[in-house]
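Per TrEMBL, the features are as follows:
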COMPBIAS  21-31  compositional bias 'Polar residues'
COMPBIAS  45-54  compositional bias 'Polar residues'
DOMAIN    442-499  domain 'MIR'
REGION    1-65  region 'Disordered'
TRANSMEM  112-133  transmembrane segment
TRANSMEM  153-174  transmembrane segment
TRANSMEM  181-203  transmembrane segment
TRANSMEM  209-226  transmembrane segment
TRANSMEM  294-315  transmembrane segment
TRANSMEM  574-597  transmembrane segment
TRANSMEM  609-627  transmembrane segment
TRANSMEM  639-658  transmembrane segment
TRANSMEM  679-697  transmembrane segment
Amino acid sequence: TNLDPKNSYRDTSTLRHRRTVPTSSETLQTLSEDRRSQTAELDDTQSSNGTSAHFSPGGHFSQDPQSSRVVLMLVAGLCFATRLYKITEPPHVCWDETHFGKMGSYYINRTFFFDVHPPLAKMLIGLAGYMTGYDGTFPFGKPGDKYEHHNYWGMRGLCAVLGSFLPIFAYVIVQDLSRSYTAALITATLLIFDTGCITISQYILLDPILLFFIMAAVLSMVKFNLQRFRPFTSYWWLWLVLTGVNLAGALGVKFVGLFVILLVGLNTVWDLWRILGDLSLSLVEISKHFLARVVGLILVPLFLYVTIFAVHFVVLNKSGPGDGFFSSAFQSRLIGNNLHNASMPEYLAYGSTITVKNLRIAGGYLHSHWHLYPEGVGARQQQVSDNFFSLPFASRTTRNLHGHLHEAPLTKKHFQVTGYGINGTGDTNDLWQVEVCGGQKGDVVKVLRSKIRFLHRATGCVLYSSGKTLPKWGWEQVEVTCSPYLKETPSSQWNIEDHINPKLPNISLSVLKPHFLEILLESHIVMIRGNSGLKPKDNEMNSKPWHWPINYQGLRFSGVNDTEYRVYLLGNPVVWWMNLASLGLYPIMVAVASITLQRGFSLEHSLVLMREGGLLLLGWLLHYAPFYTMGRVLYFHHYFPAMLFSSMLTGITFDVLLKSTDLLLRPPYSDWLQRLGQMVLLFSVLYSFYLFHPLSYGMTGPLAHEPGSAMAGQKWMDSWEF
C-alpha cells in the first residue's frame, strides 16, 4: 500500500495496532513474516551510500534520502568539531601518552620494544607521526613534559579522527537496527556530547583506535545482516569481508577485541542456525554459506592479524628496551644485540664458560658477587641473584653454585641458593643435574635453543627465579631460590646465552635464529604473561567494574593544581545516568512487550526492542561482565567499549518509550508529549555538556572545591577529583 508521506509522522505514532490472534506463537510467526517482507523491501530501497532510504518499522515513509544525508552530515560535522577542537592543548605529555607516544617513536626509529598489547595501534600512531613530520626524537619521559618544537599533533589527530567516527557509526547502526531516525539521533547526541568520549579521543592512546575497529565491526555485521536476502551478491561479500577486516583490527589493537569477535561469532551462529532451518535451501547452498563465513570471519581476520605481526617484526629490527623480555634466540635476530651475528660453540661441554638466562618474562642472568647474605638470612654465604648483567657465573668469584635446606630470603617455602667453596672445592650440596626440558637423558645442550633446568641432587629442588626484588643489602636484584615444587615453569627454566670453550668449533648464531611462527608464538606468550602480571600494587589507585556504569570516578589526564592545565576523564553525568536508567528500563519494557504478545496483542516496536535491543544488550554484557573475572589492574577507560553499546541501547529504549505515549494519549496530544520528551532529553544532554565541557577541553584556576572556581558546585559526587 502506498502511503502519503505528509501523514507519515502521524501514522507512525498512532495507537499501536492491536489485533487479537488465536495464539501467541501465531502472532510471532505473523510478525516474523511481516518483518521479513519489510526487510526485503527495505533492502530493495537502499540509497547509494548504503543507508536505508525512507521506511519505518511499520512500513511507512519516515524521512526522505536527501534529509537523511543532511542529518548524517550534521552528525559528522559535530563529531569532528567536538573532537578536533583544541587538539594541541595541552602542549605537554598527558597520562598514557608517555607510553604510546614513545612506542610510536620506536617504530619511526625501528627500535624493538615490548608491550602487553598487540602492535596495530602503535604502528598507526608511529605512521601518523611520521607522515606529519614527527622525527621520533621526543623522549616521552613522563606526563607533563613539554612537546616544544616536536610535531605531536599528527598522532593526536589520528586518534581524534578515528574517535570522531564513533557517533557516526553508532548513528548508522541504530538507524539500521531500529529503522528509526529518532533513535539514531538520540544515540548520536549521547555520544557526540559525552565528555568522556571526547577526552579519550583527543590524546595519543590505544582506546580511540580500539573503539573505532569495534564499532566498525558491529556496523559491518549489521550491514551484512541486512543483506541476508541477497546472499553472495557483491554487497553481501563486501560487508562480510569488512566485518572480518575490522575484527582483525580490533584484536590487533588489544586483546579485548576478543569480546567483539565473540559477539560477531554468536550472531553468526544464530544466522547459520536460521539458514539451517530454511527448507528451501539445499545442503550444498547451506555449505556455501558456512564456508563463506569461515573465509570472511576466520581466515581473512587470521591472515590480517598475522600480517600485522609480520610487519611489526620487519620494522622493529634494531635492539632496544624490549630485548630482555624475550628469549636469547629471539634477541639474536635484532641488529645491535650482543647475540646478533655472534659466533660461539653450538653445544655445551665440560669446561665451558657460560652465561645462564632465566626464561621468566624479563628474566635476568644467574649472577654472583662478593657480598654475603646478612645475619639472619639463611647461611651467611655469598649472594646469588638474578639480574640483567651478563657475567659468566663463577668465573669471577670462583665459588660453586650451592644449595641447602635454609630458607630463601623472601620466598620462605623455597630454599636458599648461595656461592660456596674456593677454587672448585666444596661439598655435595654443590652438585646439580642439568636436564633438558622436554628432552631425554643424554640429550646435548644447545646454546640459545635448549630450555634447561638445574636439579639439586641433595635436596631434589630446582633452581628458580622468584621475580621478587631483594632489599638494599641484595642490591635490589632478583631473588634466586631452589624450589621444592618441580612443575616446569618459565621461572625454573634457563637457557645458555653466551658460551666460551676454546676446544670446540664456533658457529654463527644466525643459523639458530627462530623462524616467524616461533617468534609469533613467543611474542604472544610474553604478552599474555605480561598482561597477567599487571596486578594492583599496594596503595595504587585503581577502579572497580561496578564504579564504571555509575560514573563513580574518573581519571586525571593532566594537572593537579590551580596553575596547571587540568584535563579529567569523566563521562557527561546526564548521558551516563541515562544509560544506567535504560539498562534498568530495558528488561521492564521487554517484559511488558512479552506479556502483551503472549496475550495476543502486538506493540509496533516490540520486536525491535527485544531482538535488535537484545543484540546491543549482549554487546554491552560481553564488553563489561568479563572484567569482574580479571585479576589485573583495571581503570575507568576499560568501560568505554561497553559504554558505546549502552548508548546505542539507550537510543532504542528511549525512542520506544517516547513513542509509547500514544498508549496513554490520543493524537495530537501524544505527538506533543513525544516531542516534549525529545526536547527535554536533548536540552538535558546539551546543558550537562555545557557545564562539564571544561573537563575535556581543559581547566585552569581554582579547583572545584575552592572559591572562584569555574567548576564550583559541579562536584555532584564526592568521588570526582577535578
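Using the three backbone atoms N, Cα and C, a Cβ is placed for every residue, glycine included.
Across 112-133, 181-203, 209-226, 574-597, stretch 112-133 shows the highest tally of CB pairs under 8 A with the transmembrane segment (294-315). Of the candidate ranges 112-133, 181-203, 209-226, 574-597, 639-658, 181-203 contributes the most Cβ pairs within a distance under 8 Å of the transmembrane segment (153-174). For the transmembrane segment (209-226), the most Cβ-contacting stretch among 112-133, 181-203, 574-597, 679-697 is 112-133 (pairs under 8 Å). Here the transmembrane segment (181-203) has long-range neighbours at 62-63, 68, 71, 75, 78-79, 82-83, 86-87, 94-97, 156, 159-160, 162-164, 166-168, 170-172, 174-175, 211, 554, 557, 567-572, 575-576, 578-579, 637, 640, 643-644, 647-648, 650-652, 654-656, 658-659, 678, 681-682, 685-686, 688-689, 692-693, 695-696, meaning same-chain residues at least 6 beyond its ends whose C-beta is under 8 angstroms from one of its own. Look at the domain 'MIR' (442-499): DSSP puts its residues at 6 helix, 26 strand, 26 coil. Counting residues 6+ beyond its ends, the transmembrane segment (112-133) has Cβ neighbours under 8 Å at 99-106, 151-155, 157-159, 204, 206, 209-210, 249, 251-255, 305, 308-309, 311-312, 315-323, 325-326, 334, 526-527, 530-531, 534 in the same chain. Sequence-distant neighbours of the transmembrane segment (679-697) (same chain, 6+ residues past either end, Cβ-Cβ under 8 Å): 85-86, 89, 186, 189-190, 193-195, 198-199, 202, 554, 567-570, 572-575, 578, 654, 710-711, 714, 722. The average per-residue pLDDT of the prediction over the domain 'MIR' (442-499) is 89, rounded to a whole number.
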